[in-house]
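*Asks:* Input: one structure, supplied below.
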C-alpha cells in the first residue's frame, strides 16, 4: 500500500536485531521467532490494512536511536501498537460483515415482496432484457437512434434537430470552475469532474436543437483564489465556433453561472458545503425562473422556456438538482462521478477508521443520502462504465438491477408496476475534442535529431521543463498523469520501474502530479505520497530517468502527450480503481498506447479502442512486464497506436452529446403548468392588481384586471389601506371578474373534509394576498398540542403588531395537520381563515388558500385547494401500490411484550388524502426510525417522503419531492413570492422534515423551548448530525430566549433587520 515503504526497512531491522532477541526481558512476540514470522505477520496484518503516519514517525525515531536496547524497546512498542490496530481492524471488519449480512437479507426480503406485488410472470423476451444488454456506449442494441460514425451522418442528424430549442441546466458545486486555464490538480475538489462538466456544457452549447446551457456552480470571492471565480457569469467560447451554429440568439450558447452561497469570502472543501445546499437551491431557482422568462420572450412566444432537464454532477449537486427538479417539475439527470457507498466500503475494508470516524471526516452518510435522493428523483442516471452499475450503484437501496429489469419489461408491455419506479441507467462515456489534434506520424528519434539542427517551430516550454530531468531524453517516455493520491498507485509504478532493469534501460518515466510550490504546503496525504516517491527514486538511483516537474498549466497537457508520442512512449494509469479514465482517451487521441488498471472504466475503454494492455494494479511485476512489452515490441506499439486512432471518434463530444440529447428527448416532458394561464405575467416580479378578497381596496383597478404587472407597489398598498369601507362591494365585483379564470380550482382531495364545490361565491382570487406583502411569516412550529400551537401562533401575531393589521406582513401556516384539523384549530382559537394567506398542510402535500366564504360563518368551509400543486408533486407517487406496502409494513410492527400482541402502527383512513397516506402511532418508542422505513420503501422501488410528525404520534407518506420547504418554493414558482422575504418560525426541534425548514435564503427564527421533546423521540437515530445540513452560524438563523414571549420574538426579528421600532 502507498506510504508503507518504511515497513520494509522496519522488518529488516527486526530480523537483524540479533542479540536483543535473546534478552529474557524482550517481548514474547520477538522471542518466539521460531514459531512466529514477524515478516509474514506484518505483511498480512499491517501492510495490507494500514497507512499510519504516526507509526512512520515512530519508526524514524527508532531507526535513528543509537542505543540498541532503546531501539529494541521502541520497536517492541511499535509491535504492540500495530497488534492493537490489527485487532481493532478485525473488530471493525466483523461489525461491517454483520451489517452487510443484514443488508443482504433486507434486500432479498424487499425484492421478494416487490416481486409478489408484481405477480405476473416474465416472458422469455423480458428475461433477456437485462442491464448487460446495454452496449458499452449506453444504448440498447435495439435503440431508435443509430450511432454517428461520420461527418455526413452527423450533419443529417443535425438538420433533424434544428427546430428544437432546448434549455439545459448542469450543476457542479465544488472545486474551482472556469472555462479557460483550469487549475486541475490544485486540490482534491478540482480534478477530472471540473474538466468534464465544463467541456460537456461547451459541447452541448454547440449542438443543434440546444439554445442555451447553464452550468451552475458556486461563486467564490475568497482572496486565496483568482478573481475570475467570483464573476457572476462567464460565457464558454466554442472550441470550433463554426460547428452547427449558423444562427446565434441573444442569450444562446453555454455559460458558467456562479450562484453565491455559503461563506462569502472563503473557499471551502466539498465536505463542508452540505449545510449551504438549500441556499444554493433557492438562488439557482431564482436564476432559472428569470432565465426561463427571458428565453420565453426571445424564442418561446412569451411563454417561459423551462429547462428540458436539470443534470446534477456528484452527490451535492444531485441533492440540489433533486430539489430544483421538484420545485420546477422538470426532468432530472444525475451523474455520480464517484459514489459514497463505494468509498465507505473501501474505507471500512482498510480498517483504519470506524464508521463514525469516517462519517465525521467525510460527511459520508450525508453524501450517501444525497445519492439515494438523486436515485429517487432522477429519470436517468448517466454512468461511464458497466462496472459502475454492476459493482457500485447496486450497493444503494434505491437501485436493484433485478427489480429494474422487471420494471423495464413491464413498462414495455404497458403492464402496471404497482407504483414502483427505478431510474434508467445509461452508459455514455465522457467525450473529448479531437478536431485540433494532429497525431505525429514520423520517426521520433530521427525527427528529434533533425530538430536540433533545424527547428521549424520552437518546442513548447513544458518539453524542456520535463527533458531537463533526463540523462537521455530520446528514450521512450512512460507517462503517468495523476494527483499524488494513494489511490492513484503511483508508488507501485515507481517500484515497478525501479526494479526492472531492462525497462530502465529502454525508457524514461515522467510523473505529472499536479502543481506544487512546496511539499510543506501540500496536504498531508499528498505530501506523504510525494515523499515516498522521492525516497524510491533515491533508493533505486533513478536520477536522470524520472521526471516530476513542479508546475504545468492545463494548456500544457496536450504538449505533454505529444512529447510522449514523439518518443514512442506509453501512457499508464495504474490506479487501484478508476471510475472511468478520461486520460486514457486523451492519450489514445495523441497516438499513445496505454497500460491501465483492470478495475473500472478502463476495461470498457480498452474493449472499444483495443490499444494497449490491462494489468492488476496490485501486481508490480505485471505492470513492469506490460510496459516493457509495449516499449520493446515496436510492431505491437504501432498496432496499438493505430487501433486507438482508428476508434477514437467513438469518444468524441459530438458523439457523446448526440446520445445525451437523445436520452433527454426520450424523457416525458414536464414543466410548471397551471390550469389558468391566460395572462403572460402570472409570475411577474411586479405586484399584480389581484390580491386576496379582504385586501383589494384600490378603486384604480377599475375592475379591468390590468394584468400587465405595471402597478406601483407603494401606491397599490397605500390604496389598499385607505378605503376599507368600500371593500365588500368591490370584493363582490372582483369575484365576478375573475370567475372565468377561477372555475375548476377545487377538487376533492381530502377524504374526510367537507371540501367546497366550485361555487362562484367561494372562489379565491387569481392572485393570493401574499404577492402584495413586504414580508411573509411562515409559522411552521410543530407543537405537541393544539393549545400550544395556538399560543405560538398568537405570539407571532402579537410580535408582528401593526405590520399585521396594515397588511405589510402576511402569514402562512405550515403544519402536518389536515385542512379539517386546521379549521377546527382556528375555530377553537377564535381565528379566521383570512388571518392567513395560505395553508401548507399534510406535511407539505397540500396547499390551501382562504376563500370568500371565510366570512360566512363556521358552517362554511373557508378554504380553496391549489389543485395545480397536486399535479406539480405527483411525480413518482406510488398511489395504491405504496399504500398497500405501508399497510403490510404497519401490520408487522407489533408490541410482542404485551400479553396480547398489539399492533403499534395502524392506518388512519380519516386523515389520509390523495397525496398523503396517514398512520397512527401508538408508541413512538417502539417504531423503527424513519430512516429504516425510508430504506424499506427504496429497496422495494417505492419513492416517497416518509415523515414522523406530531411528536411521533403520526406517520405520513407523501410524494418524494413534496415537503413543507418545497411547498414554499412552489409558491415562489407559482406566484412569484420572494423567498428572501419569508421568515420561517420553527421550534427547537420538530417533525422529521424539520431540517428542510431551517436553511435557505429565507430567515429563520427558532423558538427556544418549543417542541424540544421531539429531539430525543424522533431525531436521536439520525444518519448524520443536524449540523451537517444546517448552518447554525448563519446570520439568517436566530434563536429566541427560553421565555419565548412575543417581545422575545420581536427582538429576534430585530436581529434579522425586520420590524425595528
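Yeah, the Cβs are placed from backbone N, Cα and C, and that goes for glycine too.
From a predicted model like this one, the values you see are computed outputs, not experimental measurements.
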*Asks:* Pick from 633-652, 653-672, 673-692: which stretch is listed in TrEMBL under region 'Disordered'?
*Replies:* 673-692
*Asks:* Tell me which of 94-138, 139-183, 184-228 corresponds to the region 'Disordered' entry in TrEMBL.
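*Replies:* Residues 94-138 are the ones TrEMBL records as region 'Disordered'.
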*Asks:* Which bits of the chain, at least 6 residues beyond where the compositional bias 'Basic and acidic residues' (94-115) starts or stops, bring a Cβ under 8 A of a Cβ in it?
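*Replies:* Distant contacts of the compositional bias 'Basic and acidic residues' (94-115): 348, 355, 400, 402-403, 406, 420, 885, 888, 935-936, 939-941.
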*Asks:* Could you put numbers on the helix, strand and coil content of the compositional bias 'Basic and acidic residues' (94-115), residue by residue per DSSP?
*Replies:* 22 helix, 0 strand, 0 coil
